[in-house]
Amino acid sequence: MPSTNRAGSLKDPEIAELFFKEDPEKLFTDLREIGHGSFGAVYFARDVRTNEVVAIKKMSYSGKQSTEKWQDIIKEVKFLQRIKHPNSIEYKGCYLREHTAWLVMEYCLGSASDLLEVHKKPLQEVEIAAITHGALQGLAYLHSHTMIHRDIKAGNILLTEPGQVKLADFGSASMASPANSFVGTPYWMAPEVILAMDEGQYDGKVDVWSLGITCIELAERKPPLFNMNAMSALYHIAQNESPTLQSNEWSDYFRNFVDSCLQKIPQDRPTSEELLKHIFVLRERPETVLIDLIQRTKDAVRELDNLQYRKMKKLLFQEAHNGPAVEAQEEEEEQDHGVGRTGTVNSVGSNQSIPSMSISASSQSSSVNSLPDVSDDKSELDMMEGDHTVMSNSSVIHLKPEEENYREEGDPRTRASDPQSPPQVSRHKSHYRNREHFATIRTASLVTRQMQEHEQDSELREQMSGYKRMRRQHQKQLMTLENKLKAEMDEHRLRLDKDLETQRNNFAAEMEKLIKKHQAAMEKEAKVMSNEEKKFQQHIQAQQKKELNSFLESQKREYKLRKEQLKEELNENQSTPKKEKQEWLSKQKENIQHFQAEEEANLLRRQRQYLELECRRFKRRMLLGRHNLEQDLVREELNKRQTQKDLEHAMLLRQHESMQELEFRHLNTIQKMRCELIRLQHQTELTNQLEYNKRRERELRRKHVMEVRQQPKSLKSKELQIKKQFQDTCKIQTRQYKALRNHLLETTPKSEHKAVLKRLKEEQTRKLAILAEQYDHSINEMLSTQALRLDEAQEAECQVLKMQLQQELELLNAYQSKIKMQAEAQHDRELRELEQRVSLRRALLEQKIEEEMLALQNERTERIRSLLERQAREIEAFDSESMRLGFSNMVLSNLSPEAFSHSYPGASGWSHNPTGGPGPHWGHPMGGPPQAWGHPMQGGPQPWGHPSGPMQGVPRGSSMGVRNSPQALRRTASGGRTEQGMSRSTSVTSQISNGSHMSYT
């Protein structure tokens, strides 16, 4: 266990700040125990620094459950530090000494339950309204700060001497709302608190229910169901209707207020703020109603304490004088009985005081006691002196000096008793007297009873504490399991999100890599096409240069041949003069040279036109090839995106199935745990009830045994009483006999005296014999009657107890059956809700997948459309430029065979497919591979004078770009292979409208 969690550890700075470092034994003196509970004791004390009266609650955190006790102390100290309200107890500090926390608070006179204990009768409605109004103001403050008291009852509603109402005992309070802990005192618990673990959370309205029960307690001296076993009361509250006021003497406003507080459904129950506007608490009432009530109570307490003092003084006096006469003692006791009955109604004790979850004195047992009625005054006085009541924490509150001054100055009796004293002197005396006087509305017998009660009834108190501890442990186990499963679910969801994110990142990286690859392919293709164009130009230029050289050589040979022919012709004609021959020969040479020059110029012009035309054709062919490559790359990219999206959707569906399986498994685990905890709880409840039944039967048997043991003494006293009556009768008869004998002796002659005496003697003997017979008969009849009465009474008590215990057991069974049914209904509801959530999530996922697929399809169509439109614009721009340069589209579309009839070293095919082979296109697939430039055409080269002959060997790829170009269709005339290929193309609009897109093959 970490040191910071160890009981009493102050290593945590936040915890250390909660406690003062001083030694409390040096700061507080004159400690007097005024209360006791399972947590420890409550003391009246005086602060030596300010001479201020305070109350100290000592709470030990050693022994069993020390860590739990320490946590309860820390929670209560934190709670007290947070609250500051006139209707809440004032916190002064907390000290630690020898594994005991000294919780110092203001001192008050007592609690509302003390009023009931002292007066032994219900409070008046106006007094209940005043107390309820003050308690409501304190509750409204707590609820506005999302805090819940969770232990509202008369014992925890305190009163100061000026008549101020204060809430106390925050050991059960919750600093968060809503909550779901099983805490409080059973008879005052709201149904949703009892069913907290089974049905969920609750809020501050549980205090409103407890306040309604407290109103009934103040009006009837005890809460509903108080004569019932505490465990049975819990079952009764959870499944039966709300209690109501029994008497008809209360006003309709009070009844409506109580009924509003005790609405079974929390949603129908008003809040504390709403109840502050109820006419019951807003009705006009005397301002001094609580002050007068407190003063009457103090007077009654003083009278009761004086009674106890006189009894003790009498006992001491008797002991000092060896005891007075019995008759005088009995007369004085009877007088004391009369005094006790005039000042108070007979108290009823309780063997059913149940401890609450609170660590305060008031919540260790209920503030009202209950025992069977006792008729004789002696038993009443014994109960008043020795029976056990519950002392609340109300006597642990300090009375402020200014409040004491106000009380003393505001008391008309104080002013009337000393009318001539100056105000300042009176105020000073009042202040000094209240500082020195131990003011309280609790009798000494109440304190003694509480201390004795804490020592007794430990078995019942421990049973309830164990039950509450079990409920807390079950709730903690369930919360631990829920947190564990929630962490597992979060971890699983995080892992799935991480897997999905990893896949998306991988897909993004792959797509980025593919795009870069495509960019590199396009750049490479551009370079290759540029090089091919240069090589193509160089090839044609080389061919043309070779042709030109051949042409020039041919001209030279022709020139020489023609020259020789001309010379021969001149030589044959000898008649022509030489000069004339020379001139004619020169002229012929010039003509030949001029003709050859013209032919050379014509050849150069045709070569230049051919070069420009072929280069333009080549560029158009390269443009179409680049378009085909772009289409292939876009198709590959879109197919890749489609594949990635399909894989992502498949993963989302798998993750949905995985989450669904985990959610159902978690729900099943929680429901199994809840069923097991309910089973253990019901088993514990049944065990506790059976133990309670055995204990009640054992107590009844013990009582009957004591009665049987006491019967001989009772019979002896009855026999002595009958014997005394017989003796008195004998004495009377003897006196009557003597009187009759004297009378007869006086009236009869002396001679008859002997006969008269004999007759009288016989008569006396006969009557005495009759008396003796009557005496024996009376004794026998008394013995038989007393034995029969005892047997009948004990048998009746046994039957009543058996019926009561059987009813409580049936009530427990009904409660447990209801809990099981509610648990099953809750499990079915949770299962249905989970199925609905899963179905909704699946539907949303499928809708998302459909939307993403539609978006991807739209993106695909848009990409294709934009690509085709851009390519069409490029073709159109190229053709427009060609027309401007004087090239016909028909001529550009029909490629010259001379472009492919001359191979050159390193020449490659013009159609490049980066994917490694001819792939499918948006149009009709081509049949056969493209033809390389280096392949010779059929029929050999044609003369340069006929450059525009038919092209038998045009590669089929050359028409591919034209076929896929919608603009080329409008520019190309019909006929020929190219026209056949282009006739199969469609426009961009028709391709998109017909759903033409890349295939996935």
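Using N, Cα and C of the backbone, Cβ positions are placed for all residues, glycine too.
Checking S181, S445, S893 against Swiss-Prot, you find phosphoserine recorded for S445.
Residue-level annotations in Swiss-Prot identify, among T29, T297, T669, T765, T669 as phosphothreonine. Screening S9, S62, S367 against Swiss-Prot annotations picks out S9 (annotated as phosphoserine). From S242, S965, the position flagged in Swiss-Prot as phosphoserine is S965. Sequence-distant neighbours of T669 (phosphothreonine): residues of the same chain at least 6 apart with a C-beta under 8 Å from its C-beta are L481, L485. Most buried of the binding-site residues I34, V42, judged by other Cβ atoms within 10 Å, is V42.
Of all the recorded positions in the record (S9, D151, S445), the one with the smallest CA separation from I34 (ATP binding site) is S445. Considering only the recorded positions H36, G40, D151, S9 (phosphoserine) has G40 as its nearest partner by CA-CA distance.
Looking only at the modified residues S9, S445, the densest Cβ neighbourhood within 10 Å occurs at S445. Following the DSSP three-state reduction, the secondary structure of S445 (phosphoserine) is helix.
A simple way to gauge crowding: the CB of G40 (ATP binding site) has 23 other CB atoms within 10 angstroms, across all the protein chains here.
Ranked by CA distance from S445 (phosphoserine), the recorded positions H36, G40, V42, D151 have H36 at the top as the closest. The number of other Cβ atoms within 10 Å of the Cβ belonging to D151 (active site, proton acceptor), over all protein chains shown, comes to 29. The two recorded residues D151 (active site, proton acceptor) and V42 (ATP binding site) have their Cα atoms spaced 18 Å from each other.
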